[in-house]
Structures are given as structure tokens and as C-alpha cells.
């Protein structure tokens, strides 16, 4: 059997904030596309998008849309994935799903290529792309785990509105302009559009991302906790998360406290390790005020790490500041990267 | 000796962001002022300000300015306090100093009235007002320490630009407008005006507040660590901090992880405790999406606490979200509150 040289790729949710970045990333990476099918809900069907100079009309996604598709990148919400990802897989496509629908399913690998590429070998037609805030954290933590062990993680996030979609970006900008004009901002989208209560995000911080679960943590926080354990294959890892939305357009930041298992690890050890870690860019020099910020990380694929400090009370404790573009490594780039690895591993 | 009914109050740094709030707070609290003297650097001398409908001309602060002054509220930078606070004290004034100049001085009490009012009795003419981010945290933690003990604190902050003064507020607004217009923002103030490198704060997050110390923590982070131990009289307390500046005008937020000493404490125990704690307003109801935000806290004197959760791995671990107006409880209100307590205790 000769190896395929080009693939039929479908993008589901092509008009969303992540879908747009998926197309840009496929273009930038020159992904070997033989045929491209752009799909969406009924509402967006008929719209036109340009890919590599060629115009494509978006079609409504149905089970039949996936006939002949090799790779289907889903980012159109959990309910669309729940309904159509199995249909796509049934028709022979490998699905890379950016929603939370299958992430904790025991039969679905949850993959960040720098961390657990080998889990791709166990796929059953669907591969889940983790939550944005989880991805960037595990990329920074995996090299540390491998070298020194990892016993504990406490993270507080600083998350951009683009994680909540195009309408949240618009709301931030509209509110910011209103407040600069001295007007009272209107809030209709954040923290969760479907819920009753909305808070302004411009010049504010909202300590709620996604709905609340019964234990008082939000789903976003539980995603970080559960997905981290699954991706790192450490069900026993102690992870805690507090997730906060900021008036930032793109780029999630994370203040991460970790405890390693080995004694005597130094800040220089971690810097040396992370400076050569896959997918990581070390930006850590206090003397030159060098550290990552979300504005600087926007548009880049890597995970940026800085502010590495040893805890003053615990020799095994360290503090890190981890930043990445939530639409790229947190979503579109991680999905396309998975697709690239599927090709490299001969799985598609 | 008859008790004084009204006091000669001097405000040093009357034109700054905190000075302005000090005057508003003295007015709102109807503080018993017999005579008011407004002082500043040479640069701002001659400017006029209105207090309770009366116009005051700001005078240049000199040692002689403090003759006859009962209470001097300082907020004009550390170097002004270092030079003039001892001069004021020598002339019989009690200084409440909002800068970091004397905070860690062993002979100077560092006071948050809800926590360590009794330390006022030990004053030697100068009382230090703690760092804004420290104040709101200890107000929330002290009732917990009293009831259940406190063994560990790990905090990540979400701090407003007003902590860096009026020019930082202006810079945020100018940058935000430029970026909304599609222009590239100019950065000249944050994170630290006197340093070489400046980052835009609009639609960004900067993980540096104040300069870096030799251990990789910033001075702001070390203030939170050292001041918390001093105020709570717990030199052994394990405190760690990561301080981050946000595009928020007013209101600092904090994601705080704590470990209590007692077993079996519940979230409801903490809620009940904080609901009746001095200076605290509990805003914690996930079912109603109730939690504090900096926009809601702006203009209010209290410390707002929400998002109380028990750690999923540690029975003694809890997560809290603590918000307060950094110019009020974090600065002006805490200073005026100290002045009120001095009066109440007959110390002035």
C-alpha cells in the first residue's frame, strides 16, 4: 500500500474563532490537503471563505458530509461533536475534536503531541483536543515531570475572552469603548451566554469560566484538573485550579505552583530543561525584565515560560508563569499538530 | 486633660491617586478635622483642592509644615516619607505612612485595624499602612487564622493599574483607545516607570509589579510575603506570592490557596465565619453566580470574598477569591481607619 500524499480534510465550525485559526494554521503549515470541505451549522451554511486564494462555500454539516473525508477537525460546540463525530468516524475519517464532548471518554485519547503523542496509536476514530488552559500547562510541566517528578500543581489562570468565541471578543471591545466614553457597559455574553447573570469584562476580571459543578469548582477548573491527570497518565496527581476571565483578547496566562519529587532541584535546572523542551520558549530573565505576556504570545504556536522561582519555604516547590495563544496551541495549532502527527505516524 | 474634639490633619501627597481618595474618605467619614493642611512636593505646590466646599491651596511639604499637626497622612512616595515622616513625628504628629518606607522597621507598627489594632499602642510616632494587596488578604485570612489556624498561603494577584498612580490609569486608557482604533499602543509607565523596559497593559497582563529582588521575586511579592507575617504576628507562616498587573482601573483581586491547621473544616464553616467577620462582605453563591469582581468592589471600603472551595486533595486546603478597592481598603480607607482608631484609643 502506498502512503497517501494528500488528504481530504474537513473543518467543522469553520466560521468560529477557532475554525478561522484552524484554516490559517493549515495554510501556514502547508498541510498536505488534497480536498478541503468546510462545514458548519445550518445558520452559517452558504457563507464563503478563502483558503490559499481559492473560494470555498461552507456547507451544512450532516453525517453524509464525511464520506471520503480522511481527517475531520471539529470545533463547532459539544453537541455538534456528540452528534456528528461518531458519524464521521463511522465513515472512516479520523476526527480531531476540539470540544469537551469526548475528552474524558475512556476510549478516546486526549492528546498534546509534546506530552503523549503515543496515545494517538490507541485511537478509535476520535481524538480529543484538550481544553486550551490545560494544553499550555502540560506542555510546560511534562519535561519537569520527566526529569524531576511531579507531586502537586496549583494553578490560577488569567484567560482571554477569545476562548469564549467571536461574540465575546466583540463584547469586550464594545464595553471597553463604552467605558472609555464614560458610558455604562452592557453585558450579555460573559461569563456564560446561556446563564442568567452576565458581568462586564472590560476593565474587570470575572472568576467564572463555564458553569459551576456541584463541588463549587467550575467546569473549566475541573477540565484543567481531570484532563491534566489523563494527558500525563497520572491519576494520582494533585491538581487544583482557579480559572479567571480577563479583558485580554488572546493569550491565556497561568500562575502555576508545582512541587517536584526530587530534592535539590534549582531554578537554573528548570531553566536549562525548559530552554530545550519541545514546544516551549523560555523567556525568563528578571535582570532584563524578560517574561512572557499574552500580547507578545498572540499569533505564536509555542508555550512561553518565565518567572521561574523556587518557593521560599519548600525546597521542592516552584512558581512559574506560563503563557500561550489559546486559539493556537490552545486549540487550532494543537489540532493541526495532531493531524500532522497522524500523517507522520502513518495513522491516516 | 480634656479629650481633643477635633484634630489638625495634614495630607502629604494630596494630588496623587491615593491622596485624592484620602480626602474623599476623610470627607465621607466626617473625620473630626479642626484644621486641614494639604502638602505635596514642590512640583504640585500652589495647586488648589476643594474639601467640604472649602478651597485649600497645597503647600510644599517641609519639616516646619508639621508644627502643630496631630495626624499626618503620608502618600507621596517612599523618599518623601523617609525624609519628612520623622520630622513630623519629632514635632508631635502621629504619622500614618502609606509608603513602604517604614513597613518592615521593627519599631514601626504595620497595622490593619481588623487584624492588629492593638499594635497601634506600641507606636513611636509613625504607623505604617501595609501594601494594598497585603491588606485585603489579611482581612480575609485573620478570622480564619483565629478560628482554625493557618499554616500556608499561596496567592496569585490580579492587580489594578491605579496602584501605580494616576499616570498608569491614563496610560491604560490611552493604550486601550489606541488599540480599539487599530493602532499600536505606546508604553512608558508600566510595569515600573523608572526601569528601561515597558510593556503595554491594555488587553494584556504583566507579571511584574515593582522591581525584582535578588531571589527572583518582585518587591511587591516580597511585600505580600513579609508584611503578612508581620501583621499577623506569624514569622513562621509559609507565604508565597505571584503579583500580576491587569488592565483594570481599580480593584485588586486575589486567588488565594490556604491550608488551615484544624481538621474537618468545611466550606460552610468558612462562609459562616466570613459572613460576620469585621470588614468582610461574603459574596459566595455559585448557584446565583455570585462572587466579587473588581468593578463591583470599586468605591467600597470592604473586602469581598467568594469562590470558597475545599481543595480536592487536601482536607485542610481551601481556595478563596478576595477582591477590594486598592485605593480604599488598600490605601486611603485603611489609613483613615487607623486615624479613627487612634482617636478611639485616645492615642492622639
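Every residue, even glycine, has its Cβ placed from backbone N, Cα and C.
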Checklist entry - Which residue of A:314, A:326 does TrEMBL report at the same NADP(+) site as A:15, A:16, A:17, A:18, A:43, A:44, A:162, A:163, A:185? => result A:326
Next on the checklist: Let me check the 10 A CB neighbour count of residue A:43 (NADP(+) binding site). How many other CB atoms are there?
Outcome noted: 9
Checklist entry - Taking the recorded positions one at a time (A:103, A:245, A:252), which has its Cβ surrounded by the most other Cβ atoms within 10 Å? => result A:252
Checklist entry - Rounded to a whole angstrom, what is the largest C-alpha distance between any two of the residues A:15, A:16, A:17, A:18, A:43, A:44, A:162, A:163, A:185, A:326 that the record assigns to NADP(+)? => result 28
Checklist outcome for this item: Of A:15, A:17, A:103, A:132, the recorded positions lying within 10 angstroms (C-alpha) of residue A:252 (active site, proton acceptor) are A:132
Item to check | Between residue A:103 (phosphate binding site) and residue A:15 (NADP(+) binding site): CA-CA distance (Å) | outcome: 23
Checklist outcome for this item: Keeping only the binding-site residues of A:17, A:103, A:185 whose C-alpha lies within 10 A of that of residue A:132 (active site, acyl-thioester intermediate) yields none
Checklist outcome for this item: Neighbouring CB atoms within 10 angstroms of the CB of residue A:159 (substrate binding site), all protein chains considered, total 26
